[in-house]
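Engineer: One structure is given below, represented as structure tokens, and several questions about it will come after.
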Amino acid sequence: MDEQKVLSIKGLLDDTPEEYLSHKEKYENSIRKSVLFYKTLHSTEDENMSVDEKTKLNFRNIVTSAIFKDNSPFMLHNSMFIPTIMGQGTDEQREYWMKRAKNMEIIGTYAQTELGHGTFIRGLETQATYDPDTEEFVLHSPVLSSYKWWPGGLAHTANYCIVMARLYIKGKSHGIHPFMVQIRDEETHMPLPGIKLGEIGAKLGFNTVNNGFLGFENHRISRDRMLMKNAQVLKDGTFVAGSNSKLTYGTMVYVRVLIVSNMANMLAKAVTIALRYSAIRRQSQPKPDEPEPQILDYVTQQHKLFIAIASSHAFYMNAMWLWEIYYSVSLQLASGKLDNLPELHALACCLKPLSTIDATAMIEKCRLACGGHGYMLSANLAQTYGLATAAYTYEGENTVLLLQAARSLVKAWVGHVKGRPLKGTMAYLAGDSTVKAWDGSIDGIIQSFKVVAIRKISSVVKILQDYEKSGLSPEDAWNKASVFLTAASEAHGRAVLLSVYKSEMDKRAAVLSPPLRKVLLQLVDLYVTYWALEKVGDMLLYASITDKDVDELQRRYIELLAAIRPNAVGLVDAFDFRDEILNSTLGAYDGRAYERLMEEAMKSPLNAEPVNQTFHKYLKPFMRGKL
Ligand SMILES: CCCCCCCCCC/C=C\CCCCC/C=C/C(=O)SCCNC(=O)CCNC(=O)[C@H](O)C(C)(C)COP(=O)(O)OP(=O)(O)OC[C@H]1O[C@@H](n2cnc3c(N)ncnc32)[C@H](O)[C@@H]1OP(=O)(O)O
Ligand SMILES: Cc1cc2nc3c(=O)[nH]c(=O)nc-3n(C[C@H](O)[C@H](O)[C@H](O)COP(=O)(O)OP(=O)(O)OC[C@H]3O[C@@H](n4cnc5c(N)ncnc54)[C@H](O)[C@@H]3O)c2cc1C
């Protein structure tokens, strides 16, 4: 997708900064731009695309959608509506709906979360009751808490949506299934009879995504609107279960993988802004006889920012690696082979939380590193934070997903102890669980992170078993141990992030020029050393690190910051964000931050006149004691 082409779209870029638009104007402006964007770039994910092309398209979509400073009301159409049709529709349903969706003849969203339930999918209350007499499903929202609540684009944009509803046949529940539901008339866009729609209101971010609510009053849809790839309802109401009820959760796994690459992109944007600003901003005078230095020369500033560069690389490498796994498991599922789905689910349940936790924290650190100007909306750091922090919650709240990963880790460990072989990304759990002497090499530190994970998993399993021996139910034991279950999942996730980053870089290093290889491997070294220092407690407990080793690690870390400093600006320039996509007064390539700050300030409607009308209406009478 050619960004030049995107940016050449007349009217795509805002004359009036979004900050000065009303809530309603922001939405209307975003629709205007989304239509322009799609008309020019009508890029779709072709089923015949190679893994690499699909991944790049997703990644490019993310990058390009960044133009909107916030996200587009079309976001769910691309990121969930289309993938659900692809993953949950029969061949016939895909044939029909994919054509309409790809051509933007219809705009869709994905309506799963309800006012009363987001995490607990099996608790969703929207009903889809099959009527064999008319061969229809009756959709109904029995109580307020069953209203769909949150779906992007649902309020005023989408005219179709995937509704995840509880299927009832002859009074019996058959679990949650996906239904294709038209919610608005294709000509008038009016909500169809029996359908209540609206917007959920202003949020911390995502204020142009048009998140909405949806309630059904006995709304009927034909039988062929249930997406029936994984489970079917025959005309007479016979229910045919799928091979695995969790296949209906497939879109969420896809988006969790997408989010890891999205975090790489978000973090790259934020650190480009903060680091470029740090290269032009001069402040203080540590040496009386020298000019004020660039704030980028403060080692504390390097500590705040360089890890963000390395983390973006790490998330990107892990995301590309995870996409390969996702696509290969998807192909296996298509041929009925399910045995690698649990591992993909567990990986996504580790990497989505860790990438969003780290990216959110590091984007905020990029903002904080820019002083007062980082607090300006025109810097586009606050908005980037707002978008990233949402991913902590959506697509599976992070705690919940880490506990899901813990389920798999506990099962793997208990199986291992009983002699069952471990496989894939959990195979290392069968390895040595002690570090006889600290090995400060990159591979040695990564091995130590694996030992930390082994020890945390084995110890939390022991806690669980002790609780159950003491008479606690498995559920109560699980809840009591849950803090350390999430810690075990995080440790596993860290080990995966580090080892995949290193191995993926090693694969690429062979084809890099020696100078580039040196710089990129310095970032790997920085990433591994940073996390060893961040998790020094675990290293002391499980990896035989001594205070002398820690001292050595600290010195190595400082030297790495100094080594990276000369290439720091080049490293963020290499993310190759155009100014229009960075959309930031502080991050523009030309470094004219002060002029841009002033230019943006003058766009404030308040600066249109020297005296605001409230002076004569309120202030003057007030100051003259006449109010
Ligand atoms: C104009 C320009 C526009 C261009 C835009 C381009 C795109 C932009 C890209 C932006 C990038 C991304 C943004 C996407 C936006 C998304 C917005 C947000 C959407 C949403 O939030 S949708 C709703 C998401 N909701 C959730 O994720 C809910 C979380 N809850 C759950 O997943 C489940 O409830 C659960 C897993 C927590 C528990 O499920 P439950 O049925 O109770 O199961 P359990 O009993 O716990 O476990 C049973 C066994 O099932 C296994 N399991 C569970 N889930 C899965 C799964 N998904 N796959 C496989 N297996 C699964 C589990 O492991 C258990 O197995 P075991 O018994 O242990 O063997
Ligand atoms: C910006 C944004 C966009 C969204 N877009 C969509 C969309 O397009 N479509 C859609 O369907 N949904 C969407 N969502 C909804 C999102 O999927 C849910 O918010 C998310 O699944 C969490 O559910 P919840 O909000 O009901 O929180 P709850 O599930 O009520 O969880 C609240 C808190 O309770 C705790 N908790 C809950 N369960 C457990 C547990 N089992 N163990 C331990 N602690 C627990 C956690 O601390 C959690 O944060 C969006 C949300 C946001 C913020």
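Cβ atoms are placed via backbone N, Cα and C, with glycine included.
TrEMBL lists these features:
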type: ACT_SITE; residues: GLU395; note: active site, proton acceptor
type: BINDING; residues: THR113, GLY152; note: FAD binding site
type: DOMAIN; residues: 12-107; note: domain 'Acyl-coenzyme A oxidase N-terminal'
type: DOMAIN; residues: 249-410; note: domain 'Acyl-CoA oxidase C-alpha1'
type: DOMAIN; residues: 443-623; note: domain 'Acyl-CoA oxidase C-terminal'
Engineer: What's the CA to CA span in angstrom from THR113 (FAD binding site) over to GLU395 (active site, proton acceptor)?
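Structural biologist: Rounded to the nearest whole number, the Cα-Cα distance is 10 Å.
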Engineer: Which value does the mean pLDDT take for the domain 'Acyl-CoA oxidase C-alpha1' (249-410) in this predicted structure?
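Structural biologist: The answer is 96, the mean pLDDT of the model over that range.
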Engineer: Check each residue in the chain of GLY152 (FAD binding site) that is at least six apart in sequence and keep those whose C-beta is under 8 Å from its C-beta; list them in sequence order.
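Structural biologist: The list for GLY152 (FAD binding site) reads ASN71, PRO73, MET75, LEU76, THR109, PHE206, VAL209, ASN210, ASN211, given in order along the sequence.
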Engineer: Measure from the Cβ of GLU395 (active site, proton acceptor) and count the other Cβ atoms within 10 Å, all protein chains considered.
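Structural biologist: 23, counting other Cβ atoms within 10 Å of GLU395 (active site, proton acceptor).
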Engineer: With H, G and I counted as helix, E and B as strand and the rest as coil, say where DSSP puts GLU395 (active site, proton acceptor).
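Structural biologist: Assignment for GLU395 (active site, proton acceptor) reads coil.
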Engineer: Return the count of C-beta atoms lying within 10 angstroms of the C-beta of THR113 (FAD binding site), excluding that atom itself.
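Structural biologist: Neighbour count, Cβ to Cβ under the 10 Å cut-off: 18.
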